[in-house]
Structures are given as C-alpha cells and as structure tokens.
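Enquirer: My questions will all concern the structure given below.
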Amino acid sequence: MMITRGGAKAAKSLLVAAGPRLFSTVRTVSSHEALSASHILKPGVTSAWIWTRAPTIGGMRFASTITLGEKTPMKEEDANQKKTENESTGGDAAGGNNKGDKGIASYWGVEPNKITKEDGSEWKWNCFRPWETYKADITIDLKKHHVPTTFLDRIAYWTVKSLRWPTDLFFQRRYGCRAMMLETVAAVPGMVGGMLLHCKSLRRFEQSGGWIKALLEEAENERMHLMTFMEVAKPKWYERALVITVQGVFFNAYFLGYLISPKFAHRMVGYLEEEAIHSYTEFLKELDKGNIENVPAPAIAIDYWRLPADATLRDVVMVVRADEAHHRDVNHFASDIHYQGRELKEAPAPIGYH
C-alpha cells in the first residue's frame, strides 16, 4: 500500500513537469523552419535556435526559437566574458583598468598625410618633405681657410691632411666613389655632436640654444648627399666593406674626441669640410674636361635642392660643394665659441644655414 502511494506520487510529479511539453498543442519547430519564418515574417528581427533539456526527461532535447533581442543566460555569459577580455587587454596595454580603455593588438598601418608639390602633383619621397627642400647658395666663398693658430688647431689640421693621403691612393680619380666615402664619414659628426648636446640638455635641464637642431640638420644634409651619390656611383662590395669599417672607427673616435674636447672636434670637422670642398672642385674639373660623363641629375637631387628638371650631375656637385662650405663655417664658428670659454647655447645656432 505504501509502495503504491509512493509510485502514484512519483507519476504525478512526472506528469506535472513533462505535461506542458509532451501534451502541448504547439508544434515543434526545426531550426531551418525557424530561421526561414523569422526572416520572411520579421525581416528586421533575426532569429536563432538553441537546444534545451527537459528537467526530468533523461536525454530528451527539444528545439525552440528565440529572437536575438531577447536576453538569455548563455548570451549574458558570453557578453560578460567578452567584456572581461576587453577590459583585461586594455588594462595590459595601458597599464590599468580605466573605464573606456580599448585594447589594441597592433599599430601597423598608420596612414601618412597626403603631400603634394606646388604644382599639385603627388610627393613621392618618404625620406624628406617639401618643406625640408631648399635652393643652395652657390655664391658662398669657397676659398676661406681657417689658419691653425693653437696646438689643438694644428693637431686637427694635420689629422685631416693625413687622412687625405690614403683616400687619394685608394680612389684616385674615381670621384663618384670618393664622394660616397666622404659623405659616409661627414654625416657622423653632426649626429654625434647633436646626440651629446641632447643628453647634456636633458641632464642639466637647460636649452641648447638651437645647436642640437643645427647639428642634426647638418647630419641629415650630409646623409642626403650620400643618398644622391648612391644614384650615380654604384659601390663595389669591397667599397661597402670599407665604408662599414671606416664609419665604425670614425664614429667611436669622434665620440671620444667630442667628450674630451668639443673645440678640437668642431675644428677638425671644419678642416674636413675644407677638404670636401677641394674634392668637389676636382670633381667639377673632371666633369668639365669630359673625363666623367655629365649625366642627368638624379630625381631625388632635383626635388631636394629644387633644381630645374634638366639639371645635370654638374649642377648637383655645385650645390653639394656649397653645402660643404656652409658646414665648414658652422663648425669653425662652434669651435671659436668654445675657444672663447663659452658654451654653444650662449650663441644663437645658425639653424637653416644653407
């Protein structure tokens, strides 16, 4: 009797729980039908289907349709998980969990500004911009020479003269390759001096008087000389190896020299620029004699120095020689400032001196 009553109660519980599903007049809808009907009748509302388990029917599943606008435990859980991941990524990237932070996986693909020339055509160079171009002052005095008067001046002068002999022996009259080698060396002092002045400005919490910018401009100008002559002279493999060796030695030597005596370092660069003027003068003589072909100027040189479209290699050598004369003046001026017992910041730097 007790077993019969217990069985009846269990059966009643099963009927109450399963009745709405087993004895409902509503037809079960498949996933395909649910998606099709929802799209046809309610094009603005997207439907999806999920599987649900009956509470007391072991292993039985039924399909039902819901709209995406309705909240379900599964969707709320997914949304919370994504929110947590975004906050975690943003916190790792920004160093905190500030509200509104957005995690970025990569910054690749920053779009540059579109730049055009004065005539409206597209600017094709990425290594320099139109506002960095200029017309070289070729009327500058090329024959000026600083007479060495002090012991350091004489050391600087004869150091540069001693470097000329192996250069003449190696390159002889191959002035294109000679110019390439010269520019790989001449581009180092401005960068070293600007870097050391930059660190000094940070260390002392003081301005540089514009000399950081002036020296870095010099280094960039010399680098553009190299990029230009690379279009004219194609260096051989052993010349490239020589460039690596010479640049490595000269960079470290000039770095130490500038730390020990800036006035000596600038004086030596001034004499080095005087030798560069001499080399480019000889280059022009060979062009005028016809020993070197006066080929059309590279496109990069025409845009950088604002040369006419029909400019030739001779025009390029002329403007490069004028640049070297300006660098000569800047470095002798910097050395004179130090000789007077003053710092570079006390005298205005010749920024934009071309």
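The backbone N, Cα and C atoms fix where each Cβ goes, glycine too.
Pulled these features from Swiss-Prot for this protein:
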{"type": "TRANSIT", "residues": "1-62", "note": "transit peptide"}
{"type": "REGION", "residues": "68-99", "note": "region 'Disordered'"}
{"type": "COMPBIAS", "residues": "72-86", "note": "compositional bias 'Basic and acidic residues'"}
{"type": "TRANSMEM", "residues": "179-199", "note": "transmembrane segment"}
{"type": "BINDING", "residues": "Glu183, Glu222, His225, Glu324", "note": "Fe cation 1 binding site"}
{"type": "BINDING", "residues": "Glu222, Glu273, Glu324, His327", "note": "Fe cation 2 binding site"}
{"type": "TRANSMEM", "residues": "241-261", "note": "transmembrane segment"}
Enquirer: Tally every other Cβ atom lying within 10 Å of the Cβ atom of Glu324 (Fe cation 1 binding site).
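Expert: Around the Cβ of Glu324 (Fe cation 1 binding site), 25 other Cβ atoms lie within 10 Å.
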Enquirer: Would you list, in sequence order, the residues of this chain other than Glu222, Glu273, Glu324, His327 that have their CB within 8 A of the centroid of the site's CB atoms, where the site is the one recorded for Fe cation 2?
Expert: Ala186, Glu218, Asn221, Val269, Leu272, Ala276, Asp323, Ala325, His326, Arg328
Enquirer: Can you check which residues sit near His327 (Fe cation 2 binding site), meaning Cβ under 8 Å from its Cβ, same chain, 6 or more apart in sequence, and list them in order?
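Expert: In sequence order, Ala186, Gly190, Glu218, Asn221, Glu222, Val269, Glu273 meet the Cβ cut-off.
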Enquirer: Only counting partners 6 or more residues apart, tell me which same-chain residues put their Cβ under 8 Å from the Cβ of His225 (Fe cation 1 binding site).
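Expert: Sequence-distant Cβ neighbours: Ala179, Glu183, Ala186, Ala187, Val320, Asp323.
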Enquirer: Quick check: which same-chain residues outside Glu183, Glu222, His225, Glu324 lie with their CB within 8 A of the centre of the Fe cation 1 site CB atoms?
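Expert: Filtered neighbour residues, in order: Ala179, Leu182, Ala186, Ala187, Asn221, Arg223, Met224, Leu226, Ala276, Val320, Asp323, His327.
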